[in-house]
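Below is one structure, written out as structure tokens; comments come after it.
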Amino acid sequence: MNKPLFIALDYDDQEKMWLFLNQLKDKQGLHVKLGMEMFYQYGPEIVRDLSAKGYQIFLDLKLHDIPNTVKRTAHQLAALGVYCTTVHALGGKQMIQAAKEGLIEGTPAGKPVPKLLAVTELTSISEEVLKNEQHCSLNLADEVKSLAHQAQEAEADGIICSPLEVKAMKSEFSDDFMFVTPGIRPKSYQKDDQARVATPGQARENGSTAIVVGRPITQAADPQKAYEEILKDWSKNDAK
């Protein structure tokens, strides 16, 4: 899939995760996102187990520390053979560059280097929070754009941002720079704790490279049907 749909496996127990995954068809090569909760509970072994079954893994740990620590951590993550992983863009260019170096150095010979994605502003962040709690003088769109340019200069492969911010800035970046967007909700689904959301089709039209979808699939009465409907909306213009 050239423009992946990552299913967010936001569970607190791996038995629940496997129960969900076993409800899906065509699991070989399926793109999934594994976050902090599962990784911190089960460690690298859960990544190896998913990888052994053919899943393409987005390991979302949002690293944010001094450059040397991030580099050494990225070196370890690269050995797991994940598709991509994340750092916080707010960690600065030196930290992002260190993460990239760690991934390159830690990737086994003959294997692809995991893609490095920089998280800009979380999709739970509103204009009010940015101004009143983070004390940022820029509006959200400009802040995200600034962090995106910083990430590109630091040789990240792409960014994580809201689907609402992609359209206005995509033309300023190279074609291979990735815009991975969570905050994806079908029209019939409530926003829950996400402040900046779009439908899969809207994200595609705005220029998203990949989308991340969790609860609308994992909590659906029929996960396979929900996945297929979201994938259809996300992929509807592929033939054009």
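Positions of Cβ are set from backbone N, Cα and C atoms, glycine also.
Remember, predicted model here, so these are calculated numbers, not experimental data.
What Swiss-Prot lists as substrate binding site is Asp10, Lys33, 60-69, Thr123, Arg185, Gln194, 214-215, and the listing cites sequence analysis. Among the features that Swiss-Prot reports, active site, proton donor is placed at Lys62.
The Cβ of His64 (substrate binding site) lies under 8 Å from the Cβ of Val70, Val87, His88, Leu90, Gly91, Met95, each of these being in the same chain and 6 or more residues away along the sequence. Asp10 (substrate binding site) sits 15 Å from Lys62 (active site, proton donor), counting Cα to Cα. DSSP gives Pro67 (substrate binding site) a helix state. It is 17 Å from the Cα atom of Gly214 (substrate binding site) to that of the residue listed as 'active site, proton donor'. Rounded to a whole value, the Cα-Cα separation of Lys62 (active site, proton donor) and Thr123 (substrate binding site) is 14 Å. Counting every protein chain shown, 18 other Cβ atoms lie within 10 Å of the Cβ of Pro67 (substrate binding site).
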